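A.B. asks: What TrEMBL records for this protein is below:
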type: TRANSMEM; residues: A:7-25; note: transmembrane segment
type: TRANSMEM; residues: A:31-48; note: transmembrane segment
type: TRANSMEM; residues: A:60-77; note: transmembrane segment
type: TRANSMEM; residues: A:83-102; note: transmembrane segment
type: TRANSMEM; residues: A:109-129; note: transmembrane segment
type: TRANSMEM; residues: A:164-182; note: transmembrane segment
type: TRANSMEM; residues: A:203-221; note: transmembrane segment
type: TRANSMEM; residues: A:227-243; note: transmembrane segment
type: TRANSMEM; residues: A:250-273; note: transmembrane segment
type: TRANSMEM; residues: A:293-313; note: transmembrane segment
Amino acid sequence: MNIGKQIILHIAVIALLAALDYVLPAYHQGVFSRIMVLAVFAMGYNLLFGYTGLLSLGHAMFFAAGLYGAGLTVYHLGWALPLAFVAGVGCAAVLALAIGLLALRTTGVAFMIVTMMFAQVLYLATLYFGQWTRGDEGIVLPQPTRLVEFAGLHFDFSNPVTRYYAALVLFAAVLLITLGIVRSRFGRVLIAIRENEDRTRMLGYNVFANKLAAVVISGAISGASGAAYALLFGYVGSTFASVQYSILPLLWVLLGGASTTLGPLLGTVLMYYLVDFSSDVLARAVPDWNFSYLGVVGIALIVLVLFFPKGIFGTIRAHWARWLP
Amino acid sequence: MADALTVSGLDCYYDETQVLFGFDLTLEKGEVHCLFGRNGAGKTTALKAIMGLLPARTGSIRLGDKELTELAPEDVARAGVAYVPQGRRLFGELTVAENIEIGLMARNRGKATREAVLDLFPLLRERLKQRSSTLSGGEQQMLAMARALCLEPEVLLLDEPTEGLMPSMIAKIRETVAALGARGVSTLLVEQRVDAVLPVANRVTFIENGRNVETVPVERLREDPELAKKYVGVG
């Protein structure tokens, strides 16, 4: 049965990531912690873009809502980490609800522009309220604020191993939630909406309500990623609200495979290392060119759209493994 | 026979251009009723108006005792009207089974409905795992109808279901429409070919420039081929 294969594959990926902690050098362990958190952002984006067919160019606002919701409550209000994480996710979910109610009145290109504009508003707000956010400079969460006590155990999220497993727990939870959504009745309706919105409506489905639910869940997952990023890496800055962080999840999802559950992880891993290595090579080859990293991202996007539209897992599914969710 | 669907005095517009003028129609329970007319006469527009895709400025649409006039398309579908538009419009990336499942979920129908629908289209049973975009034209039409029937509708709206299909498929679809009539499902059928509906229709309504001009029993059409020529231009 497909469900059996799907569950085994997903558990195997989680187990592989757990095992990697034992073999990865310190630098790559840190990179993978970051990748797992960013892959959660990509999974949230994928739910809306890949499965529902809504192309948002403003998802940085949900990531940033989680980031600031968690980071500012810890820094200014001294909230405990679990509560701050919930606050981050809550901020993103409420923002997604408000944005969804407005932006879903539009479709296609208008939806892209409206989401991008709202994200720009949030980005500018993070600069405008600099006395709280410290704008571009950002806020570094001191190490003592990143300690948490749970069931008599002490966790220090500035410790690389603790951070790795915290990232893994979040990633695993969101991966399994995504698999559950995709296989559920709701997930199938989202796919139907992506395939033919009018037809779905004529079959008796409330398309607006289902799309709104997708925006809220997608925003909440992206916010969970942002909140985790703030708490695990101890930094909150307006860069994460910029348009670049709306484009990146699109790129990760396109590379790994839109509307595949594992595509976002693979896309994030590959793009992260592609940028990392190529930036290094380009920095040596053309030391005066400071935008080498953005150049690599741009070229990757063009190549993907032109020659590899289904992404890696999308291509594998189309040709060899129809059962991939 | 009792009326399943009653449309009275419907005026509809595309922006400021009026496209239906006091359109009237009654569909009896279990009846196969055909809408005939030239291209642009308003046949598809009438189906869209019934489905709620084109708001009515005046007039009313009733399904039995239920008022449909102000309802959104999804509510019209849930009330018991299923629409198979021209061009089928399947969920191409999904399999045959998944397309059917989406139809079943819409009104919380289960396995019994699924089996009853697949009994009507046994060919689809052999294609359940196949992606729907890879089906032939006739099979796609069958799937579009099957998916609509998963709603267990009281009224089925079919827009040119035989367009571009080979004769064996046309015969199969004709058989299915007749079988649905026997089960009490009323069908409103838009067609341009007289020979496609003569064996199956009970009544025919001619539509011209957005107005229903004449409704006759199908026997009249058999007896008087000039009637079809008068409104459609072909026999």
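Glycine is no exception: its Cβ is also placed from the backbone N, Cα and C atoms.
Any TrEMBL annotation is an automated prediction that lacks curation.
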A.B. asks: Can you work out which residues elsewhere in the same chain, 6+ from the ends of the transmembrane segment (A:203-221), have a Cβ less than 8 Å from its Cβ atoms?
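C.D. replies: For the transmembrane segment (A:203-221), the list is 40-41, 43-45, 47-48, 51-52, 54, 56, 59, 62, 65, 89, 92-93, 95-97, 99-101, 103-104, 174, 177-178, 181, 186, 189-190, 192-193, 197.
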A.B. asks: Do the transmembrane segment (A:164-182) and the transmembrane segment (A:60-77) come together with 3 or more C-beta pairs under 8 Å, pairs six or more apart in sequence?
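C.D. replies: No, since the transmembrane segment (A:164-182) and the transmembrane segment (A:60-77) share fewer than 3 Cβ pairs closer than 8 Å, they do not count as touching.
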A.B. asks: Look at every Cβ pair spanning the transmembrane segment (A:31-48) and the transmembrane segment (A:250-273), keep those 6 or more apart in sequence, and say whether at least 3 of them are under 8 Å.
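C.D. replies: Taking Cβ pairs at least 6 residues apart, the transmembrane segment (A:250-273) and the transmembrane segment (A:31-48) are in contact, with 3 or more under 8 Å.
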A.B. asks: Sort out the residues at least 6 away from either end of the transmembrane segment (A:7-25), same chain, that have Cβ-Cβ distances under 8 Å to it, and list them.
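C.D. replies: Non-local partners: 32, 36, 161, 164-165, 168, 171-172, 175-176, 179, 261-262, 265, 324.
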